[in-house]
Amino acid sequence: MKLYHKILLGLILGIITGLILGEKAAYLKPIGDIFIRCLRVIVVPLILSTLITGVVSTGDVRNLGKLGIRTLAYFMGTTTIAVIIGLIVANFIQPGTGLSLGEIATIKRPETIAPMQMIVNMFPINPMESLAKGRVLQIIVFAILFGAGLSMTGKAGEPVKKFFEGVAEVMFKISDIVISFAPYGVFALIAWTTGKFGLDILLPMGKLILATFIACSIHVLFTYTGLIVLIGRISPVSFLKKVMEPAMIGLSTCSAAAAFPFSMRAQKQLGVPKKVFGFTMPMALTINMDGTALYQSVAAMFVANAFGIELTLTQQATIVITAVLASIGTASIPGGGLIMLTLVLESVGLPLEGIAIVAGIDRVLDMFRTTTNIFGDNSAGVVVAALGGELDRKIAATSLDQLEDIESHS
């Protein structure tokens, strides 16, 4: 049985087990926690080594600039589309109508950060501290600078280049080992999630969950696959199949970082060269959050509906701009999602008390957001590689079964 079939089986069995055991399914959660820890321990060295080698492999620093511009343009474009889709769906469904928030609990207002301070926080003071604390955006900035400097040193930098290439290969091998245990981790985490929330949560908050699910599905099935077909010129079915593994990991763990090693493997299977995905994937992990930005627009409409507030077109345009910029600015901030929603609500004068009830089902909504983010990260690599004429469409057209057979015999 192929790995993605095992993961899907683990997910289905996890749902069934969670419904049967209820809150007792919490005893299975440590298995999932161990799996996530094993994945997260890989992420920082994998990002550092692949990004440095990816930057060096671009050769001329000017090529790096072109790659960076294409990548950022893709991120900003798809995030803007995501927020607009979220607003359209939310306007149609009206997720907060019929819900009384009169007695909702108030929440502590999170500390907001000035826009310029967000930019300043992207740059590390001590790279070792950034690595130790897992500040991914700071690690990315340092890795890009280090890689650019390394590419300019010529022969003197060859030993350092080979060292990081070796680190990257070692981390890929460790990733393969951890990935093989994915079905068990997925089973445990989904069982715990289902046991904790059950199906009762679907009733009072059903419209918000439905709106988020529909908006995310539209973005994945039309925006991403449309770009994959138009620019990448590869089969959308092949793309969806090859990204299914990291997507299911994201669905069960609610962590794009946990799915990162799976996404790196999916990029290889999609024919994206290492020098491209070594740059785009670490960047995407922190600043390409289409699912998160999309959710902000749905949540804002939910709060407006629940409090009986009518949002004008100007206010909705403000939500689009704020959500797109905040999705980048809050990427490296702990609890960034809460701060991001606070910024969006404040931008149009909506009451922050609405966050309290949304936070109660955040785990369920996060499953959709994270899965969308992962599809977006993987589509970015394909589109950016295609725009640069570097996508290997022969590999992209090869079926997943054939690629896995080749890998097993190599």
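Heads up, the Cβ atoms here are built off N, Cα and C, so glycines get one too.
Here is what TrEMBL records for this protein:
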- 7-28: transmembrane segment (TRANSMEM)
- 34-59: transmembrane segment (TRANSMEM)
- 71-93: transmembrane segment (TRANSMEM)
- 136-153: transmembrane segment (TRANSMEM)
- 174-193: transmembrane segment (TRANSMEM)
- 208-231: transmembrane segment (TRANSMEM)
- 243-264: transmembrane segment (TRANSMEM)
- 293-313: transmembrane segment (TRANSMEM)
- 320-345: transmembrane segment (TRANSMEM)
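Residues 207, 210-211, 214-215, 218-219, 223-224, 227, 279-280, 283-284, 287-291, 293-298, 300-302, 316, 319-320, 323-324, 327-328, 372, 376, 379-380, 383-384 of the same chain lie 6+ residues outside the transmembrane segment (71-93) yet bring a C-beta within less than 8 angstroms of a C-beta in it.
The transmembrane segment (174-193) shares the most Cβ pairs under 8 Å with 7-28, out of the stretches 7-28, 136-153, 293-313. Counting Cβ pairs under 8 Å to the transmembrane segment (243-264), the top-ranked stretch among 7-28, 34-59, 136-153, 208-231 is 34-59.
Where the transmembrane segment (136-153) meets the stretches 7-28, 34-59, 208-231, the count of C-beta pairs under 8 angstroms peaks at 34-59.
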